[in-house]
Amino acid sequence: MKKHLHEIKMLLKITIPIFLAQISQTSMSLINSIMIGHLKENNIAAISVGISIWSPIILFGHGLLLSLVPTVSRIHGSGKINKIPEQINNAYWLATLISLVIMIVLWNSDVIIHTISQVNPIIEQESIKYIRILLWSTPGYLYFQVIQNQCEGLLKPKPAMVIGLIGLLFNIVVSYTLISEKFHCFNYGSTGCGISAIIVYWFMFIAMKKITKNDILINYNIKNKNISNLEMYLPNYKIIWNLFKMGFPIALSLFCEITLFTLITLLIASMETFQIIAHQIALNISSTIFILPLSIATAASIRLGFYLGKKSFSKISTIILSSQIIGLIISTTISTFIILFHYQIITLYTKNANIIKLTKQMLFITASYQIFDFFQIIGNGILRSYKDTNIIFIITCTSYWIVGFPFGYFLALTNYIVPHMGAIGFWYGILIALITSSIMILFRIYILQKK
């Protein structure tokens with residue numbers, strides 16, 4: 001028990017700065033949403049359309065680079081830190097290639113908008129203009145992910161936390177200056193929102209490089225007379241391919257997840273207004289909670305990667321069990337809090353009786369799946385440390401799209417099982433998906449430990 005308590009302390013020590021970094025980055029979107037709420041309706045609609053296209057594409061790129069965390073932590077654990085710089089340099093090359101592809105796709109966003117929906121021509125033009133400005137923030141965002149993943153892989157999550165908090169404050173100033181009507185010299189509206197993203201993401205990357213400049217471990221230099229400085233920075237296609245091969249299933253998993261929730265939101269959009277609002281409130285609360293297990297998962301992945309690289313296999317089961325204990329305690333606490341204080345939470349958003357009644361049901365489902373959600377997200381982090389990323393995609397795709405979504409669809413929109421339930425039916429589908437995913441992931445971890 002003593003060794004588990006020690007490991008829980010170590011995991012929490014890594015989790016807290018990761019959580020603060022994640023919450024600060026998420027808060028940027030929330031603050032921008034509040035600021036654009038005061039713009040003209042066409043501007044708000046244009047940004048909403050733009051974000052719905054930008055989010056899944058940039059998260060796909062983000063997922064491709066997540067392979068760097070377990071890669072760096074394993075090398076760090078093995079003691080061969082002279083191999084880390086070549087991984088980082090090639091991760092920047094991979095980020096550059098991903099950026100180019102994403103920027104080309106986003107530049108042609110007019111094709112995507114025409115394909116997925118019929119948008120008002122004025123809103124469509126404003127959306128395209130917004131996306132074509134926003135796309136220039138892509139390299140800055142992905143380069144920041146490279147250095148953040150490097151720091152986390154080296155058990156140094158604090159730089160990302162510091163820059164995340166500074167970036168949040170900087171974002172408030174820049175966004176307010178460019179978006180607000182009070183500054184008549186700017187007042188760029190939706191265009192200002194795109195320019196703000198460019199400035200903030202590039203600022204965060206440059207600031208991150210600056211504050212880690214004097215860290216010997218992060219900026220470790222290879223001293224090899226047989227390798228020239230030029231060769232050191234040229235792309236190594238084998239390393240790039242290995243990072244891509246490992247990151248691709250993670251990226252697909254993230255893409256599957258976000259597109260599922262996007263599709264559910266689109267299907268609910270045709271229902272009564274109170275159902276749409278209730279769904280958005282419940283989704284907002286659930287998405288905020290999601291950052292907690294994600295932070296624990298990253299911490300577990302880092303610790304496991306380090307000891308797998310060190311070949312200290314006796315520590316593996318302790319780390320896995322300790323991360324799951326943390327998940328169990330926190331998820332139970334959150335579920336209890338939601339059940340006890342659901343009314344107070346909902347009334348922060350609305351006072352409408354119909355919305356409160358439906359949101360209450362959705363939050364009770366949210367409380368029901370917290371334990372399963374924590375186990376499956378932390379389990380994903382554990383599997384990433386084993387570099388077992390293909391199975392993550394298979395489990396995510398199966399549980400969400402083959403099990404959860406059809407079940408939710410039949411409950412929400414058809415009379416085949418019960419009389420159609422509306423939006424709440426999709427939430428039962430999410431519950432079934434998360435139960436399925438957590439069982440499959442825990443079974444996979446059990447198999448890996450046996451090996």
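Each Cβ is built from the backbone N, Cα and C atoms, and glycine gets one as well.
Per Swiss-Prot, the feature transmembrane segment maps to 44-66, 92-109, 130-147, 162-179, 186-208, 247-269, 282-304, 319-341, 391-413, 423-445; the stated evidence is sequence analysis.
Outside the transmembrane segment (423-445), and at least 6 residues removed from its termini, the chain residues within Cβ reach (under 8 Å) are 264, 267-268, 271, 275-276, 278-279, 282, 320, 358, 361-362, 365-366, 368-369, 371-373, 375-376, 379-380, 382-383, 388, 391, 395-396, 398-400, 403-413. Residues 249-250, 252-253, 256-257, 260, 263-264, 267-268, 380, 383-384, 420-430, 432-434, 436-437, 440-441, 444 of the same chain, all 6+ positions outside the transmembrane segment (391-413), place their C-beta atoms under 8 angstroms from a C-beta of that stretch. No contact links the transmembrane segment (130-147) to the transmembrane segment (247-269), because fewer than 3 Cβ pairs that are 6 or more residues apart lie under 8 A.
For the transmembrane segment (319-341), the most Cβ-contacting stretch among 44-66, 92-109, 247-269, 282-304 is 282-304 (pairs under 8 Å). When the stretches 44-66, 92-109, 282-304 are ranked by Cβ pairs under 8 Å to the transmembrane segment (247-269), first place goes to 44-66.
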